[in-house]
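Quick look at what Swiss-Prot lists:
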REGION    194-217  region 'Disordered'
TOPO_DOM  1-7  topological domain 'Cytoplasmic'
TOPO_DOM  29-81  topological domain 'Extracellular'
TOPO_DOM  103-116  topological domain 'Cytoplasmic'
TOPO_DOM  138-159  topological domain 'Extracellular'
TOPO_DOM  181-217  topological domain 'Cytoplasmic'
TRANSMEM  8-28  transmembrane segment
TRANSMEM  82-102  transmembrane segment
TRANSMEM  117-137  transmembrane segment
TRANSMEM  160-180  transmembrane segment
Amino acid sequence: MASTGLELLGMTLAVLGWLGTLVSCALPLWKVTAFIGNSIVVAQVVWEGLWMSCVVQSTGQMQCKVYDSLLALPQDLQAARALCVIALLLALLGLLVAITGAQCTTCVEDEGAKARIVLTAGVILLLAGILVLIPVCWTAHAIIQDFYNPLVAEALKRELGASLYLGWAAAALLMLGGGLLCCTCPPPQVERPRGPRLGYSIPSRSGASGLDKRDYV
């Protein structure tokens, strides 16, 4: 029962992590306008994401534009896109594999095979969490580096958006769920070596009987 509870908890965390990754990759809130200087009121706020950028006017009107050309995008943005898509597919595959080998399903009857399937699902989810973590940390490092770079104009400086924080949380949920699934795998049973069987052997008396017969001859 404890193993089943850990599996359900791990799969629940993995589902939440997958949904968080999907929302983080879809929202254009990876980079937002940095409020630098004494003036708080600005004419517009810029949001930048993996797939589009949005401009929010001071009146509340928002205009979004999807990136048209893939080749015109920076290489770091292309890599972040690819890693996020691969992470989403891997996490979905890990969830399907976990459902197949879960204790509460009857897709596989063998208990040993179920344990190996759940362990595989946990490893896949751990890998998906790492793939989510790479573009999020990469983008955050680039934003912080440009923010403190005196050569970058203040109008071009950005701050960390909400999608980055959501991406960190989603990666943590995926890795935590994958770790719980790996912990549900039972340890291999080691057979204890059997000791030598103790028995009693009756000594042969043929030699003694032969000597006795020769003595009488």
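Placed from the backbone N, Cα and C atoms, the Cβ positions cover glycine too.
These figures come from a predicted structure and were not determined experimentally.
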Listed stretch, out of 8-28, 82-102, 160-180, that has the most CB pairs under 8 angstroms to the transmembrane segment (117-137): 82-102
Tally of residues which DSSP labels helix, strand or coil - the topological domain 'Extracellular' (138-159): 13 helix, 2 strand, 7 coil
Mean per-residue pLDDT computed across the topological domain 'Extracellular' (138-159): 89
Structural state census, the topological domain 'Cytoplasmic' (103-116) (DSSP three-state): 6 helix, 0 strand, 8 coil
Summary of DSSP states over the topological domain 'Extracellular' (29-81), given as helix, strand and coil counts: 7 helix, 19 strand, 27 coil
